[in-house]
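Notes follow the structure.
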Amino acid sequence: MEKKATSNETQLLTSKKDVSGCNEEEDCRENELLIRNPKSALRLVEDGNKVHPSQGDKEEAAPISNGYSGVQSSGPCNGMGGVEDAQCTAPAATTTTTTTTSATCRAEGQQQLMELEDRETWSKKIDFLLSVIGYAVDLGNVWRFPYICYQNGGGAFLIPYTIMAIFGGIPLFYMELALGQYHRNGCISIWRKICPIFKGIGFAICIIDLYVASYYNTIMAWAFYYLVSSFTTELPWTSCTNAWNTGNCTNYFSKDNVSWTLYSISPAEEFYTRQVLQVHRSNGLDDLGGISWQLTLCLLLIFTIVYFSIWKGVKTSGKVVWVTATFPYIILFILLVRGATLPGAWRGVLYYLKPDWQKLLATEVWVDAAAQIFFSLGPGFGVLLAYASYNKFHNNCYQDALVTSTVNCMTSFVSGFVIFTVLGYMAEMRNEDVSEVAKDTGPSLLFITYAEAIANMPASTFFAIIFFLMLLTLGLDSTFAGLEGVITGVLDEFPHVWSKRRELFVLGLIIICFLGSLATLTFGGAYVVKLFEEYATGPAVLTVVFLEAVAVAWFYGITQFCNDVKEMLGFAPGWYWRVCWVAISPIFLLFVTCSFLSNPPELRLFDYNYPYWTTVLGYCIGTSSVICIPIYMVYRSLSMNFSVEKIRIMHCDYSCTVRDESL
């Protein structure tokens, strides 16, 4: 009876109908014996032993129902053609082999079932929502969206932004949440269940996350330095009488009449460049100078907070985000009310939203809209896969995707009012146009322009403290998420090594990230941050998500993916989602990627123009992560060929033995 059952189960997987939307069966599904899907058992645990009919129970015609899954393992069940190819070439030889393999796969399947049942889950649904919102809403929402919006037509920019969100960003966001929740794996091991030959995507994601951690936390170290410096009766960037000031320092808001020249520099800019960054002590990327011990201490404290927030998993980080994800909204509301009451605030709002309809005819505006919504929602960093993998199987991830993406977009929009009401106030005080005040971009918009505006408000110390505390909490959420993407990916891929040693692995990861950040802590560290921000993550993560979308929609199969979603939620995605996943979203990603590569940004920071060789270096950094994908494809192809050759040799040996015995 056991042999008969084994034979029937094996036939299910060896059938050509098993692969939906795949070009090569051995690449798109593990060729292994089938066991009952662990998710069936999970449903019993979650729903009080109440049986839910799976998609496979309803559609008996489906060759592989959602009530089954292949055992993911190594050895005889490694999915490299071992079982199936042996049956095709040596039926007699595999009778014994199949029986042995069946027992091995069944044991491994039971082990996998126990691991999935024991998988950590969020304590409450709100923990998951706050974690995802905290990840999606980061520093870029505060500085990047307002700048891109007024640069690309003001209110008119909201049209391409909304279109790109509806047809590109939100579908990809929903897809990653659904994938992570259904397969309950991190960014590496999940590809064993989707399309194994694309497993290199998971390794590329981990490398990208490490690059981000190496520079993103340095920006938080800058904010922490500002926060500590704010605990004074007079903010240090309000006057020109400090040790770091030069003769060109000119205070806009001094009571004395001052003349502003081409060489004049505000005290806020000198504090940022000469006291915090100390870029005047570096000659550029070819001479970074020494390491700033003040920023090193700030970064060390930040990584200490990060470690004790994520070392125990989502049970602890899910509690921390109750503070780090909600506090920024309280501060944004306070700053919005304060900004709206400042004189000249209306000038900033008008400049922010005044539509320039001619801008919609420019391709660059649509490229910026697509890039902004993509990097704002954040698919492709492994975070959504990791966070969703800790959800309960029947959690409504469709609703979660809509809620969190909407909150993220609205936060970006409101942040624009917070920034531009203050810029309007500065323009009023200087008697200048808003365009002259709003020339700073990126972090400079926060650390120079906004910091200067705060310094000249009543109760400036209070507003400075809460503003930079808000920046810290915004950054911490994103750091929690980025590192959790790596942690979950590695722990799920190597559970036998790290599953019981999470605290030790997280400590090692934090140390690696800290050491990787040392270059950004030098006097020329700001130049390194700019280089990594433009090249290490942009084109690389776009390429990764493009391949991910293609692998899911075209190799794993849109029908199979929609069946998975139906099994979880009770309803299948409609035609809109299917069309977006199959065509619109990949085209959206390809469009943005090609635009990035065809027009590489000309980097300039302060008075430093990046030399040409830095562009080459930047592309090398970006390629170093994406190269994992073709490397793994070659490795897997060679491994499969080796396995087939090994089975052929075994078959020949068996045939010779049978022939000798018959003689």
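Placed from the backbone N, Cα and C atoms, the Cβ positions cover glycine too.
Because TrEMBL annotations are produced automatically, they should be read as predictions rather than curated entries.
The cysteine that TrEMBL pairs with C240 in a disulfide, picked from C206, C249, is C249. The transmembrane segment (447-472) is in contact with the transmembrane segment (402-427), judged by 3+ CB-CB distances under 8 Å for residue pairs 6 or more apart in sequence.
Geometry remark: G134 (Na(+) binding site) versus C240 (disulfide bond), CA distance 38 Å. Between the CA atoms of V137 (Na(+) binding site) and C240 (disulfide bond) there is a gap of 35 Å. The stretches the transmembrane segment (158-179) and the transmembrane segment (535-558) meet in space: the count of Cβ pairs below 8 angstroms, excluding pairs fewer than 6 apart in sequence, reaches at least three. Taking the mean position of the Cβ atoms of G134, A136, V137, N141, S376, N408, L474, D477, S478 as the Na(+) site, the remaining same-chain residues with a Cβ inside 8 Å of that point are I133, Y135, D138, G140, G378, T411. Fewer than three CB pairs closer than 8 A are found between the transmembrane segment (200-228) and the transmembrane segment (579-598), and contact between the two stretches is not assigned (pairs 6 or more residues apart).
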